[in-house]
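Q: Right, I'll just put the structure down here and ask away after.
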Amino acid sequence: MKIRNVLTIARKDWLEVRQNKTAWIPMLIVPAIFVVVLPLIFTLLLPALNVSPEDVMNSDADITYFIERMPDQLSQYVDLQKPMESMIVVMLGIMFAPMFLIMPLMFASTIAAESFAGERERKTIEALLYTPASDADLFMGKLTAAAVPSIGITWISFLVYTLILNLVPYTTFQRFWFPLPTWWPLIFWITPALAILSIAVTVLISARVPNFQGAYQLSSSLVILVVALFAGQLSGFLYLSVGIELLLGVLFWAAAFFLVYLAVRSFNREALITGRS
């Protein structure tokens, strides 16, 4: 495998993704909603509307149940004597955490689907027959093209989210409180695993699906994993403590490496061009 070929292929795919609004516009909208809009609703809009945090937390049985069953590792950050502070911590610091994982899944599947099925749909993939790069170079180049921006954008979004949660409600907390310890493995351990997992699934699907939309929609079904984590935490069945996150990361990385292995074994440019494995 030649690094120069890998980087050349990755740069080419990055340029093509930039030209496809269908691919990159959602990559701006989703972070804007998750990282900016939702935090501002809880930290600025609700207080401005004179919405009582006590009413919000006491009127919702799910939130009450969620707090009551919370393990000590998380409950130590919730001070019910400070309702506004507690509402922000519970909603944005704990309960919302699994939904943040939608971003690496969506970004990776979007770029990978554009890189594989999208290029075939535009009839530009035939040029791959004449490139001197090996199949391994081609695969790693396209994997790099999807992995680097999807992980990078997620990490940048996390930085922006951290700044907003610390600066905007500073008058409430009188300190910098975010991120909680549970966010470190979530962002830097689980996020890359989910991105690689999503790319591997998209590669396997793209060999059989003729267009970008089909490959993207099928690979996006991995979001069910995030919804399951969110539902499990909301129900009190599974709280994302540091230990649980480390274990989940091991499982996701194992699944990612296994699917990458399958994708590499099944990958060849002829199958990619024809859409047949």
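For all residues, glycine too, the Cβ spot is worked out from N, Cα and C.
What TrEMBL says about a protein is an automatic prediction, not a curated fact.
The annotation transmembrane segment is assigned in TrEMBL to 21-49, 87-113, 143-164, 184-206, 218-240, 246-264.
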Q: Counting only CB pairs under 8 A, let me know which of 87-113, 184-206, 218-240 has the most with the transmembrane segment (246-264).
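A: Stretch with the highest Cβ contact count: 184-206.
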Q: Taking residues 6+ outside the transmembrane segment (218-240), which of them lie with a CB under 8 Å of any CB in it?
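A: Distant Cβ neighbours of the transmembrane segment (218-240) are 62, 65-66, 68-71, 74, 94-95, 97-99, 101-102, 105-106, 109, 112-113, 182, 186, 194, 197-198, 201-202, 205, 209, 248.
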